[in-house]
Amino acid sequence: MLEKSLLLVTLLFALCSANLFGNNSYVYYYQSAFRPPNGWHLHGGAYEVVNVSTESSNAGTTECTAGAIYWSKNFSAASVAMTAPQNGMLWSTAQFCTAHCNFTDFVVFVTHCYKSASGSCPLTGLIPQYHIRISAMKNSSLFYNLTVAVTKYPRFKSLQCVNNMTSVYLNGDLVFTSNETKDVSAAGVHFKAGGPITYKVMREVKALAYFVNGTAQDVILCDGSPTGLLACQYNTGNFSDGFYPFTNSSLVKEKFIVYRESSVNTTLELTNFTFSNVSNANPNTGGVHTIQLYQTSTAQSGHYNFNFSFLSSFTYKESDYMYGSYHPSCKFRLETINNGLWFNSLSVSLGYGPIQGGCKQSVFQNRATCCYAYSYNGPPLCKGVYRGELTKSFECGLLVFVTKTDGSRIQTRNEPFTLTQHNYNNITLDRCVEYNIYGRVGQGFITNVTNYAINYNYLADGGMAILDTSGAIDIFVVQGEYGLNYYKVNPCEDVNQQFVVSGGKLVGILTSRNETGSQPLENQFYIKIINGTRRSRRSITGNVTNCPYV
């Protein structure tokens, strides 16, 4: 027998439930009505612990509230077990009040409530002293009630929720089941003291169970381990010495890329806007709205360079009350606009108007966010922009209007932006993966063959890979820190793999793949299995109330 003595239990009327988990990772349930002939049988009902958490207390007052569901944790699990410390918890508002299992459509809970005050026991009403209530509720209505004396359950030790037939166990005993199978959507224990409560969330796996006279005496889990793969494929746990071919369909969960270059530089496009003097521009005729706009340039997303080289022949005019530039919302000059500034929107226009008030009034009347004034010693042909000065003549100047909002869609630059992407070759070994090797994609089982790579002639992909007859990659090379490393791409499924059984135990695997840690054996490789997953026998009693982990 490959895996001796996982459990030995006799079930009289219920599913068996593991109550105290210890450090183990599995529990096995099956119905007492499941009485197959003697021998090995593939059967559901094994649950693997995938998450463990604890909770000290969740009652904020001096006591918890009995006869009600006050605390719940959300799950999406095949099974959830909630266990108290080994001594259990008292049926008292000073310690334990309510535990429940939520199967989405209905809730099963256990509680106590010996109180007659108004508002007490909202779900159950008064429960007799020294009794507990096991109930099921759907759409706020109770459809199942069972009152039990505490002599049967002196303390609360565990409540377990199982999707199979929506089974619920109190202290290891089946106390509720239905003809539906639903995952656990929520569960919880409302308590004040006596904890902590341990929550163990589980997923369902198949199991191969060995029955004698209707009793499961041994269990091998179909969990992807070597023992599980062999036993569940051959539907038995008894193997004589020899070689046993097997198949294992690989589920691809990982991807990796092998790059030709350790880094790649990408130069992003830089859009240039070049402005020039408008020699035949007409002066305004009074007011800022008569200032004509020229060479309007609006930036979209990306990188931009604004070329104002023609301004070298103009004289910048500082802001002086009504005179000159006006750009308090722009903390830059046009000479520095390309210094890596960020904008959400940006538009630039040229205009010719009075240096006296032209900029300030343009900003006040929302023609621009900022305005920069430049003198070219122009004639006094521009009209005023203030009421009472609309017919007066003033010196004409160049006005540069900037309309902008701050953000990160647009960046100004003096030079094109170069983005450097650093590539790291993290190669996943000894499992089936999706790969992209030098641009060639596929699925494979990657092994390191550096120690065996001698005098390979690399032809494809710049001398970096050998291709097989189909054009797929067979062997590829990667530059490592200490030299070249060679890797072989094998099919995910090895049709030649065999388990090796010796002395009735699974001791190794023969494979055609050179996996990490394998030993060459003629034209194959041998992988030694050092420790099989061995479990010791569980105790036997005439009336099983719980099946603790060993």
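Heads up, residue numbers simply count up from 1 along the chain you see.
The backbone N, Cα and C atoms fix where each Cβ goes, glycine too.
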Where Swiss-Prot places N-linked glycosylation site when the choices are Asn23, Asn51: Asn23
Neighbourhood of Asn277 (N-linked glycosylation site) by C-beta distance under 8 A, where only residues 6 or more apart in the same chain count: Phe310, Ser313, Leu398
Secondary structure of Asn164 (N-linked glycosylation site) (DSSP, helix/strand/coil): helix
The one of Asn164, Asn179, Asn213, Asn238, Asn307 whose CB sees the fewest other CB atoms within 10 Å, among these glycosylation sites: Asn179
Top Cα neighbour of Asn74 (N-linked glycosylation site) in the set of glycosylation sites Asn213, Asn238, Asn307, Asn426: Asn426
For Asn307 (N-linked glycosylation site): DSSP state (helix, strand, coil): strand
Glycosylation sites clustered about Asn164 (N-linked glycosylation site) [Cα within 10 Å; pool: Asn213, Asn238, Asn307, Asn426]: none
